[in-house]
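Contents: one structure, followed by commentary.
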C-alpha cells in the first residue's frame, strides 16, 4: 500500500515501515560513530523497548556495548489493510540490524504489567543468557491492568489543587491557544501513581531477583522527567509528578537490595524530547519547540539517542569505572544542559511573546512537527513515500 500520514489529535494513526527502519538505522549509526562503550553491560533487559528512550537504550546497549538484549513491549503488528504501530516496526528493524551484526536479540510482545510477561522473560533469560547485568525500565503506558484483579487503572495528566491555564500550541491548527486543565481528584492522583509510579519496576526486579537471574553488580535504571517552572504545574507538581516521585522511592528501596551484590538502582532524569508521550502533555510541544531552538543555538541539543549514549558512557559505565555523579536524591541528571540558567531564562522571557503569527520564527515549531512525524516513519530523508510498501513485517518476537 501507499502510506501517508493521518493525524488524529496527538497521534498519527498510520506508520511507515521503511521510514521507521531508516530512523533505527540512523540511531545505530550515531551510536557506532561514538565508538565502543568501555565497561558496558553484556546482557541487557529493556522493559518498554520499542520507542523513545527505551529503544535508544536497547540500541546503545547492543551497538555501543555489544550486548545481548531482550526487549519487552506492547505493540500491534500490521494487517493487510492497516499499518502496524511504529514500535512494532522499530523493534523489527532493531532485530534485523542486530542479527546482521551477530548480536543476540529476542523480543516479547504483550502487557509488561502482567505476571506472564515477567515469567516469560525469566524463562527466556534462563534459557538463553543465564543472567542479566542491566535492567532498563522505560514504560510509558497510560493504563495498567492489575494482575491480581484484572482491574484497569488509568493515569491522568492533570495539575493538583487548582485549574491550570497556560499558553499552549494546538498542533493540529498550528495556533497558539490558552489551554486549561482541571485539577486531579485524590483518586486520580493515586491511580496515576499506580500506573506510572515505581511499583511495577519493583515487581520486575523482585521477580528477576527471586528467580536468580540478576548477575552480581546488576544495574537498573528507570527514566523520569522533572522539567522547569514552565512545565511544573502540569508535570512535576501534578499527578504525573507524584508518580515520578514514587519512582524515586522505589529506586531507594531497590538500591538497598541490589547493593548487597554490588548492584545499583537509579532514576535517570532526562531532557524533554519529542515522543508520543510528551506530545500528549499540554504545554510540552510549545516548551519543546522553544527549548530545542535555544539548545541548538548553544550547541547542546540532544535527541533520545545522544542522551542515552551520554548516560551509558559518562554516567553508569565510565571508562575509569568510577561511580556516577548523582544529585541529592541519588538521581542521574541528564537534564543538566536543558536546565542551564541561560537556556531557561530565554524560555521564560520568550513564553509570553509567542503568538500564532511568530510561532515559527521564535521557536523550532516546524522542526517539532517534523520530528513528531518522524516518530511514525514519515518525513525521513531517503524514503520514497510514493512507493508501494508491504505493511506486514515479521521478526523474531514471541507473544506474552
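Backbone N, Cα and C atoms are what each Cβ position is placed from, and that goes for glycine too.
Neighbour list (residue 235 (active site, proton donor), Cβ cut-off 8 Å, at least 6 residues apart, same chain): 225, 226, 227, 241, 281, 284. Per Swiss-Prot, the feature active site, proton donor maps to 235.
Summarising the annotation, Swiss-Prot assigns NAD(+) binding site to 48-53, 74-75, 111-112, 139-140, 244, 273-275 and lists sequence analysis as the type of evidence. In three-state terms derived from DSSP, residue 111 (NAD(+) binding site) belongs to neither a helical nor a strand segment and is classed as coil.
Annotation note: residue 225 (substrate binding site) sits in a coil segment as assigned by DSSP. Summarising the annotation, Swiss-Prot assigns substrate binding site to 225.
The site 'Plays an important role in discriminating NADH against NADPH' annotation in Swiss-Prot covers 75 and rests on sequence analysis. Around residue 75 (site 'Plays an important role in discriminating NADH against NADPH'), taking its Cβ as the centre, 20 other Cβ atoms fall within 10 Å, counting all chains.
In this structure the C-alpha atoms belonging to residue 75 (site 'Plays an important role in discriminating NADH against NADPH') and residue 50 (NAD(+) binding site) are separated by 8 Å.
Within the same chain, residues at least six positions away from residue 139 (NAD(+) binding site) with a Cβ under 8 Å of its Cβ are 47, 48, 54, 112, 113, 196, 200. Residue 50 (NAD(+) binding site) falls outside any helix or strand according to DSSP and counts as coil. The secondary structure of residue 274 (NAD(+) binding site), as reduced to three states from DSSP, is coil rather than helix or strand. Neighbour density at the Cβ, taken as the number of other Cβ atoms within 10 Å, is lowest among the binding-site residues 74, 225 for 74.
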